[in-house]
């Protein structure tokens with residue numbers, strides 16, 4: 001109905017607004033017996049949390065998650081897991097000047113037209129603040145996937161504006177505020193963001209997310225293909241305007257002889273498909289990329305209109321991210337984890353007794 005849930009066997013439902021009392025989510029379908037505490041989720045929440053860098057919004061939220069249900073004596077019970085994060089640093093007065101004004105590039109106009117009203121404070125339900133609960137739920141999925149099945153998920157910023165990562169050093173990702181894997185570009189990123197902030201403008205970014213250890217067989221053709229559900233989940237992240245699986249749009253210029261991921265008993269020779277063939281995981285790493293648009297909440301004046309249809313000028317005040325991609329890495333990881341968790345449980349429900357005599361291939 002209202003689009004607040006994702007998944008079939010591992011179901012995540014979120015609620016709450018940017019300037020409301022709290023954010024929350026319900027997780028249905030988590031298997032019992034998983035050791036789980038708030039600390040298991042807090043690490044990823046801290047990675048997403050606002051106010052941790054001079055290049056993100058100045059809004060300071062501790063984002064401390066509370067487990068309300070579904071955990072007893074430190075383990076999941078198999079019943080619904082209730083999670084809550086209180087909002088503590090709302091400054092709704094920053095938005096009083098746009099109560100009847102539509103910000104171009106935002107959901108103000110479409111929410112008003114769809115619902116006949118809108119919560120103008122920080123974007124309400126359309127704010128990326130809602131993704132805190134996705135990250136919390138994703139952390140539960142990530143722990144189960146790693147602990148029970150050896151599946152690991154990690155993401156990084158592969159491009160910010162014109163600056164692209166030339167090398168991928170996974171050890172660098174958590175060592176800088178950009179989640180950037182190329183240390184040689186950090187100085188350029190820092191300078192670029194300083195100048196951008198001075199100008200009052202914003203910039204887009206590209207985020208890459210990878211899952212390793214994914215078994216063969218996840219995905220439910222034809223309408224619940226694994227790559228289709230991954231794309232659906234990643235496109236549901238605020239500001240995402242494009243998703244690629246594997247080589248993505250790069251396949252347009254590839255020849256069939258170049259992009260077909262040759263096989264031998266020793267394994268696959270390449271992974272242009274991004275770990276999915278025919279909508280089913282191949283056992284290779286799942287590789288996806290997302291493109292995030294620059295936020296429209298900028299201090300550069302722009303033309304818009306009021307709710308009454310009158311012309312108006314917009315100069316956005318408040319605390320905003322000059323590049324929303326900086327905090328998107330843990331969100332992308334969470335969405336991939338939720339999809340993989342859901343498909344793992346679905347596959348187990350239908351196919352746990354299937355035995356194939358064909359060798360399982362890895363990368364050569």
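Using the three backbone atoms N, Cα and C, a Cβ is placed for every residue, glycine included.
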Stated Swiss-Prot location of region 'Disordered', expressed as one of 41-60, 61-80, 81-100 = 41-60
Reported as an integer number of Å, what is the Cα distance between residue 48 (NADP(+) binding site) and residue 293 (FMN binding site)?
-> 18
Per residue, counting other C-beta atoms within 10 angstroms of the C-beta, which of the binding-site residues 48, 125, 293 reaches the highest number?
-> 48
Mapped DSSP class for residue 239 (FMN binding site), helix or strand or coil | coil
